[in-house]
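> Here's a structure for you.
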Amino acid sequence: MLLFPSTSLRLFFFLFLLFSSCFLQIRGDDDDDDISDDNIKVDPSLKFENPSLRQAYIALQSWKQAIFSDPFNFTANWNGSDVCSYNGIFCAPSPSSPKTRVVAGIDLNHADMAGYLPRELGLLTDLALFHLNSNRFCGEVPLTFKHMKLLFELDLSNNRFVGKFPNVVLSLPSLKFLDLRYNEFEGSIPSKLFDKELDAIFLNHNRFMFGIPENMGNSPVSALVLADNDLGGCIPGSIGLMGKTLNEIILSNDNLTGCLPPQIGNLKNVTVFDISFNRLSGPLPSSIGNMKSLEQLNVANNRFTGVIPSSICQLSNLENFTYSSNFFTGDAPRCVALLGDNVVVNGSMNCIDGKEDQRSSKECSSPASRSVDCSKFGCNNFFSPPPPSFKMSPTVRVLPPPPPSSKMSPTFRATPPPPSSKMSPSFRATPPPPSSKMSPSFRATPPPPSSKMSPSVKAYPPPPPPPEYEPSPPPPSSEMSPSVRAYPPPPPLSPPPPSPPPPYIYSSPPPPSPSPPPPYIYSSPPPVVNCPPTTQSPPPPKYEQTPSPREYYPSPSPPYYQYTSSPPPPTYYATQSPPPPPPPTYYAVQSPPPPPPVYYPPVTASPPPPPVYYTPVIQSPPPPPVYYSPVTQSPPPPPPVYYPPVTQSPPPSPVYYPPVTQSPPPPPVYYLPVTQSPPPPSPVYYPPVAKSPPPPSPVYYPPVTQSPPPPSTPVEYHPPASPNQSPPPEYQSPPPKGCNDSPSNDHHYQTPTPPSLPPPYYEDTPLPPIRGVSYASPPPPSIPYY
């Protein structure tokens, strides 16, 4: 009689203890930002080259225990003291001690791993590049990341991270590239983010709310993508302060209200301006005609009224003007002539007399079609009374989003399900993985292409032939290496190499999808089961014994970002997505591929010339590219990472660390190619400290001095053979919060021997492109541009 209740109580008590311990472990990670290796046992028989590699061993072994699923056995060779030979791990000479090798880069893109980030990763204090896009990592970003003082690029896109904005990234002094796309971050965007010297910010496809901070104009970024959130509120008038650096901005599908601030006319370097799928109203400011570099203008699916200003149609560089699904009543004769000027124009579903495909007379006489008084919105964007022709409509005044104290509904938008899982209906559904089905949703984005592609980096001046690193064997080249934004090095003091390498296209890996979506389709990669859904990013690099960097093939649908002088912002050119309400067009942003060798710039510092960016016009200090070589079936040693010599002459393929003090380089100019072509391997550059010719595809660690990074050339690195495997440390980090994956839930393939299956080979697996941005970062879902 008492047996049944007793059994039930025991089961309940056991489950309670299990979840309580997991929660306490997660909270412990959040509250404790200090790291201690006292509880981690290292086999005394293991011999390490230096204390830094011993610390890296502890960090990586702790991380290996925190990975619940590794379907491609990517961590099969994560054994022994030769951490530089681990799959996805890349070493380089330390900037402070050229004879000392340290772990300078991690590239696990497209590894499809499930797990969390243990706080021991903070022991990787020499890390400059950290690329994890297109996996199933969940939980929160550990506070111990604050110890990564040299971290230059952080790409966590297309995973299942949760919680509020990871404020720890605001404490990273060398950070230039931040990509948090396709996760489940929520709450407000901190205003301090726009006070940092960043070059690219990608926050699209999350759950951010409570408006865009008023100090947005303080940011020196060249690429800013906040699309597909639920921000609400007005576009800050401070946007006009970004005219010197901003090249591309995507604010589509953010529930924005109010009128378009006339200060946008100061954005003279912007090539892509996308504010589609919002609730913006009023007239289009004639100041748009001052945006001389504008190529893509998308204001579709809003509530704009009045007449199209003739100044817009006189822009000499305009290639695509989409103003459909508004309430415009007329357009200037010059705009009619655009149809014969090889300019794509879409003005359907408006109230323009004499045109086809317009709204009905009933819709055009509705309250939504009436002109409004922009000064009544309280956006503080207008300093003079509106033109007399515009009267305030009787519609209810739109107020900015509620304060952060209000709760955010977790069902607003469903993130893409893992490749094997189906997506449940939600208000905003992102494209499911190639194998998963997309459930109906209010806002559906096109599924990512079925094939995987690794990001490519735009070509920079050819670096001198990479010197061989005698101590270690050549690093394996990874097939799908994380894309890295290559920043143009300063003008070389010595003659450049005889011929430049093919241009590196900086593209983020797009999620796989059955076929390339139509042009400009903004789709998010599907997440994997368990943790928060994530979109797929570029596949992890396949390691081959060739030291040369792997080639990156952009996803068929999402456009890739080409980098010229500085990391290009993602261009979101998306083909039109199938969702009932067409999602905003995005310009696919591809994350920079990981460079196999990492180079550190010479100790001497010299300011590099300002980079010029074409295509996605993103002006900001270019991040150093890192090269990741493909991996062969057997775990090959990582590619060599080199730090540039202390002398002012350009060191061969050194890895540069960006200067500790943040000095923004001149705004880069990006060209955003609409067509997708396989980009060459992208190098990872660390900004050099000394004056020297910029090498092509080297990895730069920001120099300790405040001078801009110098160019570096890639060096062929031959990593030493990995020693016998030793048991990993017995310490096991607690799982992170918000992570549903467990060893029992996800398939975890344990390989008893190192000769386990090599990482899968991904061919052109694109992430959903972000329409309108051509920045090299983890591949976003591709969406056709309207």
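In case you wondered, yes, glycine gets a Cβ from its N, Cα and C as well.
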> Here are some residues: Asn255, Asn724. Which is flagged as N-linked glycosylation site in Swiss-Prot?
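The residue tagged N-linked glycosylation site by Swiss-Prot is Asn255.
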> Given 272-293, 624-645, which one carries Swiss-Prot's region 'Disordered' label?
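Going through 272-293, 624-645 one by one, Swiss-Prot gives region 'Disordered' for 624-645.
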> Summarise the repeat 'LRR 1' (100-124) as counts of helix, strand and coil residues per DSSP.
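Across the repeat 'LRR 1' (100-124), the residues distribute as 5 helix, 10 strand, 10 coil.
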> Could you tell me the mean pLDDT over the repeat 'LRR 3' (149-172), as a whole number?
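Mean per-residue confidence for the repeat 'LRR 3' (149-172): 95 out of 100.
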